[in-house]
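Q: Can you read through this structure? Questions will come right after.
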Amino acid sequence: MLLSALLTSVGINLGLCFLFFTLYSILRKQPSNVTVYGPRLVKKDGKSQQSNEFNLERLLPTAGWVKRALEPTNDEILSNLGLDALVFIRVFVFSIRVFSFASVVGIFILLPVNYMGTEFEEFFDLPKKSMDNFSISNVNDGSNKLWIHFCAIYIFTAVVCSLLYYEHKYILTKRIAHLYSSKPQPQEFTVLVSGVPLVSGNSISETVENFFREYHSSSYLSHIVVHRTDKLKVLMNDAEKLYKKLTRVKSGSISRQKSRWGGFLGMFGNNVDVVDHYQKKLDKLEDDMRLKQSLLAGEEVPAAFVSFRTRHGAAIATNIQQGIDPTQWLTEAAPEPEDVHWPFFTASFVRRWISNVVVLVAFVALLILYIVPVVLVQGLANLHQLETWFPFLKGILNMKIVSQVITGYLPSLIFQLFLLIVPPIMLLLSSMQGFISHSQIEKSACIKLLIFTVWNSFFANVLSGSALYRVNVFLEPKTIPRVLAAAVPAQASFFVSYVVTSGWTGLSSEILRLVPLLWSFITKLFGKEDDKEFEVPSTPFCQEIPRILFFGLLGITYFFLSPLILPFLLVYYCLGYIIYRNQLLNVYAAKYETGGKFWPIVHSYTIFSLVLMHIIAVGLFGLKELPVASSLTIPLPVLTVLFSIYCQRRFLPNFKSYPTQCLVNKDKADEREQNMSEFYSELVVAYRDPALSASQDSRDISP
């Protein structure tokens, strides 16, 4: 790709970013858009009503939202938004620090060295130069200047590992501080017990109570046995829809038609009162629900949520084998009540096993299927390939502006459009695997997305057109470093364009929230929107973290190969830091907490990125006829993996569970609290299946 084509892509995306930011700064001030750009604040403070008086300032773009987004401290984010939100922000902070250092070294040291090479001698003006002139490919084979890249790799690895260690330690400190500062939470005192043995003459509930009163008498508080409630939930969903419809009719938020004709197609029969009609249907559904609830007593599942009086008691029950038979009385930490994925208990073990096999096959098929759009995208990036495929377009493709747009902007845009449907698919696949909580489903989807992006967004793009037809390259591990060293630098221009298209424009479209804005406009146009019923969107950690980490992988691997990508990445992370602070404060609301457990994923992926950079460096120094540097690079991935193992042993156990020291100290602090009895009363029913709680919604509506 020529530098002019890259500049065209950057110019288009800069224009889109400026347009989106301008529109956002105006639209966010309009009272009618408060549920689009501030739903979290509306739900939290109930401030959905704003003055409708005309104000000229509302029509002028301003940047005051940036200042407000940067005002909250880390401690304020931790206390108001939760630990997961803080970890999400710290991923941006970590990336900004890494690529600030990388940009200084890459732009002021490595880039001039690359540019002064003579491997690609081109006597053109700067805009007509190829991107290869700014990459390590332009450095002459065997040149001593390559030792500068060698030293940069070692220094960069040390800096990344140091920052990673510091961030690990910081987040762990905040995780402990969050435990000490927060109020007692049900999941801290509760354990999920599965594999409850069947005892003749006893129900599941009686068996659980007898066991824990016998062996955990000092700390056992209560338990709730899980029931099969899938059929009841169907009735609940129908009742909820009917209740909302009845509420809208009575409030006048939809058509105030209070009567309709009964009979066939509403043309015959008596005039029926709509409110009375819906109320009777709702009453009948509630009667059916109560009947179904009364029949659920015999549909117990051999699992229960067991609550304890102390966190320490719950931790002991979680980490110690309960019965002689290791397949019975299985215990694990309970998720938050709102985090429980209740369909997990409906499926049998065999059904979950089959689902896992189906998910694995579907995931592999998706990886293979997405090679097709990758090949298409790489064909667009290559004018010669396009002319081969479509010879009748040769005249159009030779036009300067057309060729620059097609090679510089279209490939990354089309690839981004293909990727839009991937996150929902990964969430769907993960939900079929039998996870007990929504947070586990999101973590699984996050890992799947990372694998997908590594394969389809990186390796498939890098190898397509050069080594994709040689699938056996992966069966010969010795050739992998050389193949990657030859293929990766050639795709630098595509990934720079991808960063500005998917990164810059993607972030600006995130803050504009175009789809929710259009949906809000359409519902208001047809009079169907009700401010009381809108839903605050959940924080998209599982979708955004893979994208952030993938850009990190690009920056790390191209640090010494093509450092021109580094400032574009730094701009992306700075924009992301500002935009997502704004979105977390105003738009998103976490429905449940994972306790910062996304951070170990960030750590592992960063280590993988470093090792991949080292493997490419080994092959590249070999190709560049510098065998000594290639050999001296080999210890680097080994040292990096050893560092990762140390970090996992040092920090990972504290992410899986809290240490006894912290739990006992927190339990002692709770003993001095006056409202623990009230908390215990709430804890007893905290894990009651929502389907077993009788709906009283219709009773609360006055005629």
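Sequential numbering from 1, following the chain as shown.
Glycine is treated like the rest: Cβ placed from N, Cα and C.
Sharing the record's features from Swiss-Prot:
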- 228-300: coiled coil (COILED)
- 27-81: topological domain 'Cytoplasmic' (TOPO_DOM)
- 116-143: topological domain 'Extracellular' (TOPO_DOM)
- 166-355: topological domain 'Cytoplasmic' (TOPO_DOM)
- 383-410: topological domain 'Extracellular' (TOPO_DOM)
- 433-436: topological domain 'Cytoplasmic' (TOPO_DOM)
- 464-489: topological domain 'Extracellular' (TOPO_DOM)
- 513-540: topological domain 'Cytoplasmic' (TOPO_DOM)
- 587-598: topological domain 'Cytoplasmic' (TOPO_DOM)
- 656-703: topological domain 'Cytoplasmic' (TOPO_DOM)
- 4-26: transmembrane segment (TRANSMEM)
- 82-115: transmembrane segment (TRANSMEM)
- 144-165: transmembrane segment (TRANSMEM)
- 356-382: transmembrane segment (TRANSMEM)
- 411-432: transmembrane segment (TRANSMEM)
- 437-463: transmembrane segment (TRANSMEM)
- 490-512: transmembrane segment (TRANSMEM)
- 541-561: transmembrane segment (TRANSMEM)
- 563-586: transmembrane segment (TRANSMEM)
- 599-623: transmembrane segment (TRANSMEM)
- 627-655: transmembrane segment (TRANSMEM)
Q: Does the transmembrane segment (599-623) come close to the transmembrane segment (144-165), meaning at least 3 CB pairs under 8 Å for residues 6 or more apart?
A: yes
Q: For the coiled coil (228-300), what is the mean per-residue pLDDT, to the nearest integer?
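A: Result for the coiled coil (228-300): average pLDDT 59.
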Q: Does the chain bring the transmembrane segment (490-512) near the transmembrane segment (627-655), so that three or more CB pairs sit under 8 Å (pairs 6 or more apart in sequence)?
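A: Taking Cβ pairs at least 6 residues apart, the transmembrane segment (627-655) and the transmembrane segment (490-512) are not in contact, as fewer than 3 fall under 8 Å.
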Q: With DSSP, how much of the topological domain 'Cytoplasmic' (433-436) is helix, how much strand and how much coil, in residues?
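A: Tallied per class, the topological domain 'Cytoplasmic' (433-436) gives 0 helix, 0 strand, 4 coil.
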Q: Mind checking how the topological domain 'Cytoplasmic' (27-81) divides into helix, strand and coil residues in DSSP?
A: 34 helix, 0 strand, 21 coil
Q: Can you tell me how the residues of the topological domain 'Cytoplasmic' (587-598) break down into helix, strand and coil by DSSP?
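A: DSSP classes over the topological domain 'Cytoplasmic' (587-598) add up to 0 helix, 0 strand, 12 coil.
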Q: What stretch in 563-586, 599-623, 627-655 has the biggest tally of Cβ pairs under 8 Å against the transmembrane segment (437-463)?
A: 599-623
Q: Which residues, given as numbers and ranges, are at least 6 beyond the ends of the topological domain 'Cytoplasmic' (587-598) yet have a Cβ under 8 Å from it?
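A: Non-local partners: 37-40, 43-44, 81-88, 171, 174-175, 178, 335-336, 338-339, 437-439, 442-443, 446, 513, 536-541, 545, 655.
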Q: Who are the chain neighbours of the transmembrane segment (627-655) in space, where the CB to CB distance is under 8 Å and they lie at least 6 residues beyond its ends?
A: 146-147, 150, 153-154, 157, 161, 164-165, 168-169, 172, 175-176, 595-597, 599-600, 603-604, 607, 610-611, 614-615, 617-619, 621
